[in-house]
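Trainee: I grabbed these lines from TrEMBL:
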TRANSMEM  26-43  transmembrane segment
DOMAIN    30-469  domain 'Major facilitator superfamily (MFS) profile'
TRANSMEM  69-91  transmembrane segment
TRANSMEM  98-116  transmembrane segment
TRANSMEM  128-148  transmembrane segment
TRANSMEM  160-182  transmembrane segment
TRANSMEM  194-211  transmembrane segment
TRANSMEM  280-302  transmembrane segment
TRANSMEM  346-369  transmembrane segment
TRANSMEM  381-404  transmembrane segment
TRANSMEM  446-465  transmembrane segment
Amino acid sequence: MTGTTKFSDLPNNTNAKWWKDHGMRISFVHIITLYCAVYSLGYDGSLLNGLQALTEWNKDFGAPTGTKLGLIAASYYLPKIPFTFVIAWMVDRYGRKIGLYIGAVFMFAGALLGGFCHSVSQLVGSRILLGVGTAAAQVTAAALVPELAHPRIRHYAGGFLNTTYYIGSIFSAWLTFAMVYYPSTSSWSWRVPTLVQGFGPLLLGVGAYFVPQSPRWLVKKGRVEEAHKILATYHANGKMDDELVLLEMREIKASVELEKVSEEASWLAWFQTKGNLRRFFVIIILGTATQWVGNGVVQYYLVPVLKTVGVTRPAQTTGVNGGLAIWNWFISMSGASLVERFGRRPLFLTSIIGMFASFVMILGLAGGYNSNHHSATGVAMIPFIFIFMGFYSLALTPLPMLYVPEICPLSLRAKAAALLLLAQNCAQSFNQFANPVALSAISWKYYAVYVGVDLIYIALFWYMIRETKGLTTEEAAVVYDPDHVQEANMEAERRMHEEALKVAHSEHHDKKTIEEEEFKV
């Protein structure tokens with residue numbers, strides 16, 4: 001598209017380097033607070049793996065396997081399925097911050113109950129609370145980060161959101177590793193890391209008090225001046241007539257008017273045009289892929305997986321868990337950084353093809369170990385677990401939450417985010433029941449299922465994923481539409497953007513003229 005003025009073309013009262021600008025630094029602190037929501041999700045991801053390696057945890061809960069272990073794991077994800085829609089309605093009606101407070105309270109309560117529980121039923125109850133809390137915090141943070149971030153750093157703020165999953169994962173993994181060497185046979189070896197799970201929610205709850213409300217939500221509720229002041233404070237160091245801020249306000253107002261139309265449409269809108277139907281299937285593919293490519297076995301059932309190749313010592317299994325967390329974080333950060341250089345489609349394809357090849361090797365080595373029981377064969381599987389998770393973290397950690405809103409028109413973006421989370425939570429809930437039962441029943445042969453599944457996803461990614469690299473917001477939003485629809489939609493988006501730009505310039509010019517007249521007088 002040509003002829004459209006971008007945000008970067010407008011004069012803006014900020015330093016060229018965000019870390020030297022007061023308003024953007026404070027905004028970044030608020031974004032870091034919101035990252036605590038995903039941090040808490042990652043903490044739990046490694047915690048269950050680490051706890052399964054601790055002798056006292058297995059002793060206190062009867063060394064759960066199969067269906068019992070599946071229930072403990074799935075209790076975290078099952079409540080997310082219905083609650084995702086409840087929290088989406090709540091934060092739209094009462095404001096984004098209420099989602100942060102609800103998430104923090106439920107997660108903190110879950111950590112306390114889990115840390116002091118004495119039975120499987122209490123443990124399941126604590127994980128239900130944690131699941132509800134992380135659903136509330138995750139949905140809210142995913143919406144609020146791009147709404148608060150300065151346009152210059154919005155892409156990075158959104159891209160790095162999910163990578164903080166692994167910061168929580170690293171902390172949890174290495175804390176449980178340290179607990180392997182906890183003196184005596186005390187249950188505090190597993191209670192301490194469980195209670196520390198409340199640290200992230202505590203930071204989120206306290207920090208949420210200082211996080212500003214969503215400007216978009218304020219405009220939607222008619223509180224335009226409040227929204228204007230927030231944008232001016234963080235995007236222009238308090239300059240209310242900054243051209244960038246005026247343009248943002250105008251575009252928010254225009255988009256809110258469009259959203260009023262979209263809210264009248266039902267979820268059947270996904271099936272009313274060819275473009276929307278394609279988007280629907282792409283979102284379902286990405287949502288299920290983040291859970292069904294084999295990572296669910298490695299991330300949540302690493303201990304049973306390592307047992308299939310003779311790696312059983314607690315120090316070994318927790319050490320591998322901790323190493324994976326660091327490795328995954330490094331690769332996910334790299335993927336988020338490379339997305340504009342290499343594009344979305346190449347990263348997605350590299351990721352899924354690499355995972356397929358890695359799982360073939362994992363299957364072969366696991367089968368070889370169970371035939372000859374050579375320890376070297378079993379240990380050789382560990383590097384391929386790292387390679388597999390590296391390919392996973394390259395694209396499927398940072399990209400889905402960035403790509404899905406990109407490919408949808410404004411009227412469907414909120415529904416698209418909810419649909420992605422619904423697909424992920426449904427797939428993960430199925431995983432938590434199926435994986436431990438299958439591992440217990442057929443052991444390493446279960447890996448062959450994921451080899452086949454990855455092959456299917458290669459075909460789906462190849463034929464369904466389209467590139468959005470280098471496209472503007474309005475261009476990316478129509479890549480799944482037929483050509484004639486793309487042209488019409490882009491023209492409408494272009495007119496809206498240019499009208500907002502004209503109004504922003506006009507408002508700025510009028511204000512300067514008034515100031516000049518007052519000076520003359």
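For all residues, glycine too, the Cβ spot is worked out from N, Cα and C.
What you see is a predicted model, and the numbers here were worked out from it, not measured in a lab.
Relative to the rest of the structure, where do these features sit?
Mentor: Within the same chain, residues 34, 37, 40, 87, 90-91, 122-123, 125-141, 144, 191-192, 194-198, 200-202, 204-205, 208, 211 sit at least 6 positions outside the transmembrane segment (98-116) and bring their C-beta atoms closer than 8 Å to a C-beta of that stretch.
Long-range contacts of the transmembrane segment (160-182) within the same chain, counting only residues at least 6 positions beyond its ends with a Cβ under 8 Å from a Cβ of the stretch, are 34-36, 38-47, 49-51, 53-54, 141-142, 145, 188-190, 192-193, 196-197, 200, 314-315, 318-319, 321-322, 324-326, 328-329, 332-333, 336, 393, 397-398, 400-401.
A Cβ distance under 8 Å defines the sequence-distant neighbours of the transmembrane segment (194-211), meaning residues of its chain 6+ beyond its ends; these are 30, 33-34, 36-37, 39-40, 43-44, 47, 51, 97, 100-101, 103-105, 107-108, 110-112, 114-116, 130, 133, 137, 144, 148, 168, 172, 175.
Residues 45-46, 48-49, 52, 69, 73, 270-271, 317, 320-321, 324, 352, 355, 359, 385, 388-389, 392, 396, 400, 403-404, 407, 416, 419-424, 426-428, 431-432, 435-436, 439, 446-447, 450, 453-454, 457, 460-461, 464-465, 480 of the same chain sit 6 or more residues outside the transmembrane segment (280-302) yet have a Cβ under 8 Å from a Cβ within it.
With a cut-off of 8 Å between Cβ atoms, the residues of this chain six or more beyond the transmembrane segment (346-369) that come close are 289, 293-294, 308-310, 335, 338-339, 377-378, 380-381, 384-385, 387-388, 390-392, 394-396, 399, 444-445, 447-448, 450-451, 454-455, 457-458, 461-462, 465.
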Trainee: Can you give the mean pLDDT for the domain 'Major facilitator superfamily (MFS) profile' (30-469), rounded to a whole number?
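Mentor: The answer is 85, the mean pLDDT of the model over that range.
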